[in-house]
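According to Swiss-Prot, the protein carries these features:
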REGION    1-116  region 'Disordered'
COMPBIAS  17-27  compositional bias 'Low complexity'
COMPBIAS  48-58  compositional bias 'Pro residues'
COMPBIAS  59-75  compositional bias 'Low complexity'
COMPBIAS  102-111  compositional bias 'Pro residues'
BINDING   Asp197, Asp198, Glu202, Asn345, Ser349, Glu353  Mg(2+) binding site
Amino acid sequence: MPDSGPLGPHSPDHRPTPATTVPDAPASKPPDVAVTPTASEFLAALHPPVPIPSPSPPSGSASAAADTPDATTVGSALQRILRGPTGPGTAALALSVRHDPPSLPGSPAPAEPAAGRAVPGLYHHPVPEPDPARVEEVSRRIKRWAEDEVQLYPEDWEGEFDGFSVGRYMVACHPDAPTVDHLMLATRLMVAENAVDDCYCEDHGGSPVGLGGRLLLAHTAIDPFHTTAEYAPPWRESLTSDAPRRAYRSAMDYFVRAATPSQADRYRHDMARLHLGYLAEAAWAQTDHVPEVWEYLAMRQFNNFRPCPTITDTVGGYELPADLHARPDMQRVIALAGNATTIVNDLYSYTKELDSPGRHLNLPVVIAERERLSERDAYLKAVEVHNELQHAFEAAAAELAKACPLPTVLRFLKGVAAWVDGNHDWHRTNTYRYSLPDFW
């Protein structure tokens, strides 16, 4: 595990020296060079169709043989695209070669596909089973960090932490991470974000009352407070006062060592969006208000997974330049990806939230209330909403790939799409946390 060095804020004019255990982060941005794959090839490479077995044609059927796609040709075209950009200046943007610890005699064998049932009718793409060696190592490191570095949870919460399966989650979402150290950047942030959600908002003592003050002070653990000499010491002391702030502070310290200043600022901005969404949901909870469906979806554009896929370049060891990230068409892609993945969470956590005390807002609940539908019909309509958002995300990504076929853009889009798919796979397979309603 990398040495985090002294935790806490950094001077605004001084960026920490990158940790020696994450040597792959580029020192400079290679020039962008247009590449040849078309947008349609790009999308096909992201999500190759899953073959559905059909009856074998009668032997000797020439017409059937002629209608069958040439698997060799299709496979070679797919591999050509997935290899990434080629040509001058694109070497650093190819999907990274992994640098994992050498296999030991007791290393796990290739994993069998995990159990779990997808929501019927949900449009999604399967992902390869995450590398078990990586999953095991990330799981080991994150537990050591949680227990030894940030004292994240009391002993009786250990089962919940293990059931979160965050190692499998992050390995599935970041298939191009060059090292386990890079994967740990995302894993610490994910765990810290969930600690804030659980402890401030939901499961472990959270409450909408006073949430704004708690979130603002926690946000200073990732976006440092700049003040006078008199008031800085009590602020620094506050950063160790509870588990969420300790986790935010430590995870962000690791992140800024590997990220560029613009990547770190992007993450801070996306976390401010997330906290704004938390506050809207809390305000509705305090007044027992059920928003209109469109209002709920607007809230979920902020209270969603956006901060997770948008660090795909940092975790991949490269950078999407700030001007390309800020393009309106890129912002639309990112927003649609976040919106679709968040409805996945609503669908898989539906029964869990119904069994929890109080009323939890999720898309099926809001649709049922506002559109006067049965629970089943509201849930099925929420599936349709997700599917429309997912298709819109993929169409927007294809349009952007065609309009701006630069290596960094294409790789970033692939990374976001991989995160969307990995996020669904984690929800589908995490039967410790999620189960489906009996609507089919």
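Quick reminder: no glycine exception, Cβ is built from N, Cα and C everywhere.
For Ser349 (Mg(2+) binding site), the same-chain residues 6+ apart in sequence whose C-beta sits under 8 angstroms from its C-beta are Asn362, Arg433, Tyr434. Cβ neighbours of Asp197 (Mg(2+) binding site) (same chain, under 8 Å, six or more residues apart in sequence): Gly206, Tyr278. In sequence order, His360, Asn362, Val365 make up the list of same-chain residues 6 or more apart from Glu353 (Mg(2+) binding site) whose Cβ falls under 8 Å from its Cβ. Every protein chain shown contributes to the tally, and the Cβ of Asp198 (Mg(2+) binding site) ends up with 18 other Cβ atoms within 10 Å. Packing around Asn345 (Mg(2+) binding site) is summarised by its Cβ count: 18 other Cβ atoms lie within 10 angstroms of its Cβ, all protein chains included.
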